[in-house]
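Have a look at this one before I ask anything.
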Amino acid sequence: MNQPGPPGFAFVLFGGTGDLAMRKILPALYAAHRDGMLAPDGRIISVAMTTLDHSGYLGWVDEHVKPRISGTAIDDGVWRSFLERITYVALDAGQPEAFSVLRETLGAAHGRRIFYLATGPALFVPICSALGTAGLTEGARVVLEKPLGYDLESSTAINDAVGRIFNEEQIYRIDHYLGKEAVQNLFALRFGNSLFEPLWRREWVESIQITVAEELGVEGRGNFYDQTGALRDMVQNHLLQLMSIVAMEPPRSMDADAVRDEKLRVLRALKPVLGEQIRQSVVRGQYHAGAINGVSVPAYHAEPGVRPESRTETFVALKVEVENWRWAGVPFFLRTGKRLGARVAEIVVNFRTVPHSALGPMALRPGSNRLTIRLQPTESIRLSALAKQPGLGMTLQGVYLDLAFDQFFQQDRMEAYQRLLLDVIAGRLALFVRRDEQEAAWRWVAPIIDDWATQDTPPRSYSSGTWGPAAASALLARHNTCWLEEEN
Ligand code: BG6
């Protein structure tokens, strides 16, 4: 049974007419409302700098948000009651004196205040300062969207400034991957079963792959993406978070800090990749024209908002090592990119082969024992093993134990944003990134960012619809392995 959240919250959405509000946040709030998970007196206050009035804004929500809501058909009555929760405030977030309007709108009734900053990072500090000056921060929560900064220095500056106004326990840094059902299932799989834990270490694991591949290109975000690139957009946050969950020690409990302490230990134990190792361990690529599912797509350079001579990477593959007793010497291969061969996110754990085969060479073939955890587009786990083919001989063949979660659990999955927004409203911090985690991740990617900024060579090009530059395959071949889709 869905439980309505605690009473009396005011959810203040800065960037109320922005892309994120339109695509993710308002649809997620609607879904929570529809599912009866929001307290009846919870209010949404959308803030933006437009000339719209209240009814004009509701018209905008009708036109732009409604078509983006997935799932069952929208019931008119439910939609209307959702719109009734919304108040629109036109406000220039760069003008602190304008925040008195917000204070009046909030009134005294709503103790539980949530300020969601769905704006560019440049506005994070001005908005937080103005909220502080307007006396609105006590007991409030602030949600910061990614990207939080552009590098370690800028994210530290933002964290310092926001930290002068809000305590760490009031700050919710979003990484929407942590809100995905499949990602939380990693905790269940690892720490709810005794089955995997004894094998989850260097003695038994040969290598691990983490892939987050997209078919989409930059989707009208060329301007933003060209300043960002895949390392900042995906690796610094989503991939390193996934990796830290895969590699972490079992936490004492699922309390926010117990979990975040263990993830932090992994992030701090990442072996630095420096100097010449960057060229050996990191591959950056950029897509050119090609076809996705038979439909021609343009080159990255031809996307609106992208500089014609841009060297921004749309693909990264890298080898990462964790310097601790559990993982010393085990390569983690991380890979992400746009315009790749399929939309897929998966974690592949390759176990070592038997130390001696009495059954011929097949049993010594790498990858015979493997756990594949698929996160997207569907959730599944597959355990690969060897079995005997029926007959007189002892011929081995790969077989699978497969579990498709959507067949087992037939109920609908909650979108990551819906889950995370409900967590903010309820004050659950476990699925949000703590400052030290975020800074450890920036610290680790910093030498790569710096190296690329000074390199003369452009990223390696790859055709849209493929699996990235050949160098990404060569990276694994040097470790006697290959990406999962390259296996025959
Ligand atoms: C976002 C990135 O954080 O994640 C996007 O900014 C990317 O570039 C998106 O497309 C991928 O998320 P998902 O949930 O579609 O895998």
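Even glycines carry a Cβ here, placed using N, Cα and C.
According to TrEMBL, the protein carries these features:
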- 12-185: domain 'Glucose-6-phosphate dehydrogenase NAD-binding' (DOMAIN)
- Lys146: NADP(+) binding site (BINDING)
- His176, Lys180, Glu214, Asp233, Lys338: substrate binding site (BINDING)
- 188-483: domain 'Glucose-6-phosphate dehydrogenase C-terminal' (DOMAIN)
- His238: active site, proton acceptor (ACT_SITE)
Please state how far apart, in Å and to a whole number, the two most distant Cα atoms are among His176, Lys180, Glu214, Asp233, Lys338, the recorded substrate-binding residues.
20
I need the CA-to-CA distance for Asp233 (substrate binding site) versus Lys146 (NADP(+) binding site), whole Å please.
8
Does any of Lys180, Asp233, Lys338 have a Cβ within less than 6 Å of an atom of ligand 1? These are the binding-site residues; tell me which, or none.
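Near the molecule: Asp233.
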So among Lys146, His176, Lys180, Glu214, all listed as binding-site residues, which is physically nearest to His238 (active site, proton acceptor)? Use the C-alpha atoms.
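Of the binding-site residues Lys146, His176, Lys180, Glu214, His176 has its Cα closest to that of His238 (active site, proton acceptor).
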Along the domain 'Glucose-6-phosphate dehydrogenase NAD-binding' (12-185), what average pLDDT does this model show?
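Here the mean pLDDT over the domain 'Glucose-6-phosphate dehydrogenase NAD-binding' (12-185) amounts to 93.
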What number of additional C-beta atoms lies within 10 angstroms of the C-beta atom of Glu214 (substrate binding site)?
20
Cα within 10 Å of Lys146 (NADP(+) binding site) is the criterion; apply it to the binding-site residues His176, Lys180, Glu214, Lys338 and give the hits in sequence order.
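Checking each Cα against Lys146 (NADP(+) binding site), the hits are His176.
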For His176 (substrate binding site), what residues in its own chain, 6 or more apart in sequence, show a Cβ-Cβ distance under 8 Å?
Lys24, Ala416, Tyr417, Leu420
In three-state terms from DSSP, label His176 (substrate binding site) for me.
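Where His176 (substrate binding site) sits, the three-state DSSP reduction gives helix.
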If you draw a 10 Å sphere on the Cβ of the residue listed as 'active site, proton acceptor', how many other Cβ atoms land inside?
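For the residue listed as 'active site, proton acceptor', the count of other Cβ atoms within 10 Å is 21.
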For Lys180 (substrate binding site), list the number of other Cβ atoms lying within 10 Å of its Cβ atom.
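If we count other Cβ atoms within 10 Å of Lys180 (substrate binding site), we arrive at 23.
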When a 10 Å sphere is centred on the Cβ of Lys338 (substrate binding site), how many other Cβ atoms does it contain?
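Looking across every protein chain shown, the total is 24.
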Would you find the one among the binding-site residues Lys146, Asp233 whose Cβ has the most company, meaning other Cβ atoms within 10 Å?
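The residue with the most neighbouring Cβ atoms within 10 Å is Asp233.
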